[in-house]
Amino acid sequence: MQRRKFLKKSSLTTAGLLSAPVLASCKTENKVDVPSIVTAVTKPVAICTWNFMNATAKAWEVLEKGGNALDAVEQGVMVEEADVSNETVGVGGRPDRDGNVTLDACIMDKDGNCGSVVYLQNIAHPISVARKVMEDTPHIILAGKGAEQFAYEKGFKKTDLLTESTRKQYEEWKKESKYETVINIENHDTIGMLAIDTNGDIAGACTTSGMAYKVAGRVGDSPIIGAGLYVDNEVGGATATGVGEEVIRTVGSFLIVELMRQGKSPQEACEEGVKRIMKKNEGREDFQIGFLAINKQGETGGYCVHPGFTYREYTNNGHENQPVESFYKQQ
Ligand code: SD4
């Protein structure tokens, strides 16, 4: 329904929705046809890590109405932050090894403005706090108690992030925990989202509760600009999910955007990003990373270490869960 409505609307403004510059003829006084460039606008696209179809649907709802990419990514990832069944984001996220849920998030706009919160507790929507950091302070990152205090000042409500389910799982984990960080490849449901709006502008957002049962105080890649997320409106954007330590070591998302700047497609850039990580981890198979990227033309791509990572894509052509190739071919 939504898609049909959008197509109907777009047929009235076809020139405004072309994805590349096109030539149009322009009559001059002496009737000679002279080509001139029609200003072209990229078709809207929303993509996110994993198969979070409700999140991309929300982002699309914003884009379809002509909303900007920044609002689309914020509102898109908020869907997962609010979903208690997603146990690695927002409310219902798994706690650290001390039983505290600590959230990391960042957001970046078309002008290179960015905001981030790390080790934030008791707040359901860290992405919106990150946006406030970006818009209402001269800073980029706020951490821990300071970030929480800032959130209250901005009107965010104190929320218990631990659910019955995550509390029980944590009690179970404690029995065998040996008080160590567990790094497996199943506990990755971080949402990183990238969108292009009808002006052709790109924005991105990334939000997570991080690795389950992490050492208290640990911060991953997700709120680190350049690691878990990077946007350059001239080139494209990239985001990551998986074991953040490895993404930080290669400044993964920035690397991918720079590779696209040098001419690689989003797909090629993501592959190169994963290969760089694997070069530093030769033979290591005990972790997952998934990269996702979009370029200015609206082309998308993804690549990961192990099979299993996919990404959701919403465009004029439909709403798909895209399969992603992996470095290791079998789990
Ligand atoms: C982190 N990259 O904190 C995150 C974890 C993740 O789904 O992606 N979870 O390292």
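Note: Cβ is positioned from N, Cα and C throughout, glycine not excepted.
In TrEMBL, annotation is done automatically, which means it is predicted and not curated.
Features as listed in TrEMBL:
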SIGNAL    1-24  signal peptide
ACT_SITE  Thr190  active site, nucleophile
BINDING   Arg218, Val219, Gly220, Asp221, Thr241, Gly242, Val243, Gly244  substrate binding site
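Among the recorded positions listed (Thr190, Arg218, Val219), Thr190 have a CB atom closer than 6 Å to some atom of ligand 1, in sequence order.
A straight line from the CA of Asp221 (substrate binding site) to the CA of Thr190 (active site, nucleophile) spans 11 Å. Other Cβ atoms within 10 Å of the Cβ of Gly244 (substrate binding site), summed over all protein chains shown, number 27. Compared over the binding-site residues Gly220, Gly242, the count of CB atoms lying within 10 A of a residue's CB peaks at Gly242. Looking only at Cα atoms, Thr190 (active site, nucleophile) sits nearest to Thr241 among the binding-site residues Arg218, Val219, Gly220, Thr241, Gly244.
Here the binding-site residues are Val219, Val243, and the one whose Cβ sees the fewest other Cβ atoms within 10 Å is Val219. DSSP classifies Gly244 (substrate binding site) as helix under the three-state reduction. Note on Asp221 (substrate binding site): other Cβ atoms within 10 Å of its Cβ, all shown chains, come to 32. Its own atom aside, the Cβ of the residue listed as 'active site, nucleophile' has 32 Cβ atoms within 10 angstroms in the protein chains shown.
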